[in-house]
Amino acid sequence: MSPSPFAPTIETIDYPFPPKPIPLSDAEKADYKASIKQLLIEKDAVLVAHYYTDPEIQALAEETGGCVSDSLEMARFGRDHPAKTLIVAGVKFMGETAKILSPEKTILMPTLEATCSLDLGCPIDKFSAFCDAHPDHTVVVYANTSAAVKARADWVVTSSIALEIVEHLDSEGKKIIWGPDRHLGSYIAKQTGAEMLMWQGDCIVHDEFKANALRDLKRVYPDAAILVHPESPASVVAMADAVGSTSQLIKAAQTMANERFIVATDRGIFYKMQQAAPGKTLIEAPTGGNGATCKSCAHCPWMAMNGLKAIEASLSDSDKTTHEIFVDEDLRVKALIPLTRMLDFAKTLNMKVKGNA
C-alpha cells in the first residue's frame with residue numbers, strides 16, 4: 001500500500017540511549033534478591049515483569065508470585081492481585097497502563113527514565129494535531145503509547161487483536177488513523193486491505209532487523225523456522241514462517257515441529273520461550289549485515305534499566321518521586337474508554353487479549 005499523502009514525514013530521531021547498568025557480582029545479586037523478596041512482603045507489593053526485561057528479573061517475578069507477560073496482561077494481573085502496590089519492571093507507558101486500570105493502587109517502577117521509542121516518537125501535541133486534521137477518521141493506537149495518546153484515541157489495540165479490530169472498523173466503512181508503529185500498521189493494512197493514515201513511528205529494536213542478513217543466516221540454518229514480530233520491517237516479515245505478538249511467538253516455538261527457530265524480536269523473550277520449548281534451539285535474528293553496527297542489538301536499552309538495584313530502590317527509597325506513576329484522573333478516565341472498548345470487543349470474539357510488545 002502506498003503511503004498516504006497526508007501521513008507525517010518519517011523523521012530520523014537520534015534517541016538518547018541510557019547508559020547500561022553496572023554489572024553486579026554474584027554476591028551483590030544474591031543480596032539484592034533477598035532484600036527485594038523481603039521488601040515485597042513488607043510493602044504488600046507484587047512484581048510484574050515484561051517479556052523483554054533481563055532473564056534474572058523475569059525469574060524473580062515468577063519466584064515471588066508475580067507474573068511475566070506483555071504490558072496489558074501485566075496491568076490486568078496487577079489489577080486482579082490483592083497486593084496494594086504493583087512494581088512494574090518495564091517501560092513507562094506500561095506503568096501508566098497499570099495505573100489506568102488500578103487507580104487505587106500504588107504503581108512503582110524501578111526508574112521513570114525507562115521509556116520507549118514508540119512513545120517518544122508519538123508526542124501528544126503533534127499526534128493530536130494530526131488527528132484534528134482528519135476529524136472524520138477513527139483513531140486507533142497501539143498499546144505502546146502514553147496515557148495522553150491513549151486518551152486521544154477511539155480504540156487502543158494490542159498486536160494480538162489489531163487485525164480483528166481494524167477488519168471490524170473497515171467493514172463498517174470507517175476511515176482509520178493508525179499510530180504509532182508504521183511497520184505494524186503496514187502489516188495490518190496489508191492483511192486487512194484497510195486504508196489507514198499512518199503515524200510514522202517505529203520500535204528501535206525491531207526496526208534494526210535486516211532482511212539480507214536474515215537471508216544469510218537462514219542459509220546457515222535451513223531447517224530453522226523464522227519467527228517475526230510485526231513491528232519489524234516488511235522485508236523481514238515477508239520471510240517469516242510465523243508472524244505474531246510476543247505471546248503468539250512463544251506459542252509458535254512451542255507448537256511448531258521445527259527444532260530450531262530464528263527469532264526476530266527482543267532477545268529478552270528467550271527466557272519464556274525456552275521455558276515453553278525446552279528442547280528447541282533459539283537463534284537471535286541479525287540486526288545488521290556483515291560489518292554493520294547495531295544500536296539496540298536486539299535488546300531494548302530502556303528495558304535493560306530494570307535491574308535488581310533499581311527494583312530494590314523502588315521499594316526501599318523513602319522518596320518515591322523517582323519511582324511512582326501518577327496519571328491525572330481526567331486523563332485516566334479518558335484513556336480507560338478506548339482500552340475498555342478493546343476488552344469488550346475481545347469478549348465478543350471470546351478471545352483473551354495479549355501480545356503487545
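Placed from the backbone N, Cα and C atoms, the Cβ positions cover glycine too.
Pulled from Swiss-Prot:
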type    : residues                                                                     : note
BINDING : His50, Ser71, Tyr142, Ala143, Asn144, Ser159, His229, Pro230, Glu231, Thr246 : iminosuccinate binding site
BINDING : Cys116, Cys203, Cys300                                                       : [4Fe-4S] cluster binding site
Listed binding-site residues His50, Tyr142, His229; those within 10 A of Cys203 ([4Fe-4S] cluster binding site), CA to CA, turn out to be none
From His50, Tyr142, His229, Glu231, the binding-site residues whose CA lies within 10 Å of that of Cys116 ([4Fe-4S] cluster binding site):
none
Chain-internal residues, separated by at least six, CB under 8 A from His50 (iminosuccinate binding site):
Val68, Ser69, Asp70, Ser71, Met74, Ala89, Gly90, Val91, Met94, Gly268, Met303
Would you mind reading off the Cα separation of His229 (iminosuccinate binding site) from Cys300 ([4Fe-4S] cluster binding site), to the nearest angstrom?
14
